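Below is one structure, written out as structure tokens; the observations come after it.
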Amino acid sequence: MNENALVTRVSVSAKLFEIVIRFRLLKQFLFLLVLFTSFHLLYDVVYENHLGEGTDSDVFYPYLFARDVWTGGLTGIRGWNLPPCTYLFPEILIAILLFPLVPSVYGFHLVFGFISFVLPYSFAKQLGMPKRYSYLVALEFLVLAGFDPNLLGQFYLPGFHAMIFFFATWTLVLLEQWKQTNGKVWFPFLFLMTMVWVSEYWFFVNIAPFLICYAVVHLRWKSLGPISIGLLGLVLAKSIAKGLRFFGIGIIGTDNLQLLSKLNSTFHTFVLNPSDVWQGLVHSISKHPLLSEWFQWYLLIGIIYLFIALVRDHKKDFFLTLILFLSPFITVIFLFLIETELNIRYLYFLPFGIIFFSSRILERIPLFRFGIPIVLVIGCFLFYIGKHSELVAKVKAGEEKRKHRMECLSEFDPKIPGAATYWPIKYSYVFSNIQWTLVPFTKDGVYYPWIANTSWDGDFKNQSFDSFPWGVTENKENLKDWKDVTITKECEGWYFFRRNEL
């Protein structure tokens, strides 16, 4: 009887603990939702910068893929050419589930914006930061993006590598559980690593060095388990890619990026003249003024925090902090080695690190520990209110430009297919109420369905560029290279043309 009572008490305690955990998660979710809603204009500025002021149609890959799933099933997505990072998990999965629930284009992407808003909070919290400071990290990241929408704002749009934070957070959670359960979480870890290889392999450049060191420090020789599973995930990912190709969905694999030849070329240059490599590396940063400034702030704040950690933390904790601090430098070196232009989408940890290490410094000052998050949130809100009219004007300007482009497009006959360079195509398919056929071509007149569905083009993909009577491009210089075409309309950075009749 006593044993039964004990079992009952344990069962009740476990259920109560589970309820408490769920309540805490719900409370955190609601608080983040309130924060995001309160500062929503910052997201709107990002949205309109890329989809009003500009026409960054890569944003629409998840939306259009999901639309093809719901309108055509498996047949509807045959013909898709996916980018090297496919974003199949979790972004495409979220998009497919979200599409019938949120039909509005803006609402659909607003949900993705909120998901991205949560990611810095989750990652900072998993790195050991208190909740009140983790909220602050998420908010300050959004504020930075709102006033740098063209670069950092990419973080809040689907398909721009924000999910690296999601994968990093989940990896840390599973590594902790691995230690507690003695490796019983191997299957979720295998699923995670497979999805990383399929969807977001920049993870291995951005944050994997830190996570490997984290596993070695906390698991010691048992770290061979998750590391081996990470490699097994690569094998499974290649099998998944082959399966997708079998069903008519193409993926540009890493083999096509000529990484080895680029690495080999840089290595030979380093052996022959290392100073040239160093100068090239420094120049790759300095030619981007904003990134260069951020690196200076990152170095200053990071070194101050490293000094504090050296004095106050255990050796293994300091070592992990040092590796975490080095993460953006490792990324920059890798990008330079493979001759890839620096872009903030590969360096989100740079602004995150500035905010994270700054918050860590404040957290360790007893006088500031409890009050400073509230003060900074109020400061951010007052700054936001002061810029409110400016933000509203930017949003309205973007809306007007998008509306104007669609009005210009509507002057053409939708029954007659047109030729187009890359950016206007998916943009028109999403924002126009008319069904268009815009066949993608390069400036050299070569058919090029990059991150698009070839089934959209039907048999027109087999026609030459010269056979289309009209078209649109976002680059006026292209028109100089095309024979027998005349500009008929210039509209918010788009150039509409017709082919001269013979």
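Quick reminder: no glycine exception, Cβ is built from N, Cα and C everywhere.
The transmembrane segment feature in TrEMBL is assigned to 25-43 (among others). Residues 110, 113-114, 117-118, 121, 131, 135, 138-139, 142-143, 145-147, 156, 380-381, 384, 388, 391-392, 395 of the same chain lie 6 or more positions beyond the ends of the transmembrane segment (25-43) yet place their CB under 8 Å from a CB of it.
Summarising the annotation, TrEMBL assigns transmembrane segment to 92-121 (among others).
Residues 31-32, 35-36, 39, 41-43, 45-46, 49-50, 117-122, 124-125, 155-156, 290, 351-352, 355-356, 359-360, 362-363, 373, 376-377, 380, 383-384, 387, 391 of the same chain sit 6 or more residues outside the transmembrane segment (133-149) yet have a Cβ under 8 Å from a Cβ within it. For 133-149 (among others), the entry in TrEMBL reads transmembrane segment.
The transmembrane segment annotation in TrEMBL covers 187-217 (among others). Residues of the same chain lying 6 or more positions beyond the ends of the transmembrane segment (187-217) and with a Cβ under 8 Å from any Cβ of it are 84-91, 161, 163-164, 167-168, 170-172, 174-175, 178, 223, 226-227, 229-230, 232-234, 236-238, 240-241, 254, 316, 319-320, 323-324, 326-327, 330-331, 334-335, 346, 348-349.
Per TrEMBL, the feature transmembrane segment maps to 223-241 (among others). Beyond its flanks by at least six residues, the transmembrane segment (223-241) meets 174-175, 178, 183, 186, 189-190, 192-198, 212, 215-216, 251, 253 of its own chain at Cβ-Cβ distances under 8 Å.
Summarising the annotation, TrEMBL assigns transmembrane segment to 294-312 (among others).
Under the heading transmembrane segment, TrEMBL lists 318-338 (among others). For the transmembrane segment (318-338), same-chain residues at least 6 beyond its ends with a Cβ under 8 Å from one of its own Cβ atoms are 127, 205-207, 209-210, 213-214, 217, 257, 259, 262-263, 266, 280-281, 284-285, 295, 298, 302, 305-306, 309-310, 346-347, 349-350, 353, 357.
Residues or ranges marked as transmembrane segment in TrEMBL: 345-362 (among others). Within its own chain, the transmembrane segment (345-362) is flanked in space by residues 120, 123-124, 127, 129, 133, 136-137, 140-141, 144, 152, 154-155, 160-162, 164-165, 202, 205-207, 291, 294-295, 297-298, 301-302, 304-305, 308, 324-325, 327-328, 331-332, 335, 368-369, 372, which lie at least six positions past its ends and keep a Cβ under 8 Å from the stretch.
Within the same chain, residues 38-39, 41-42, 132-133, 135-136, 139-140, 143, 362 sit at least 6 positions outside the transmembrane segment (368-386) and bring their C-beta atoms closer than 8 Å to a C-beta of that stretch. Taken from TrEMBL, the feature transmembrane segment applies to 368-386 (among others).
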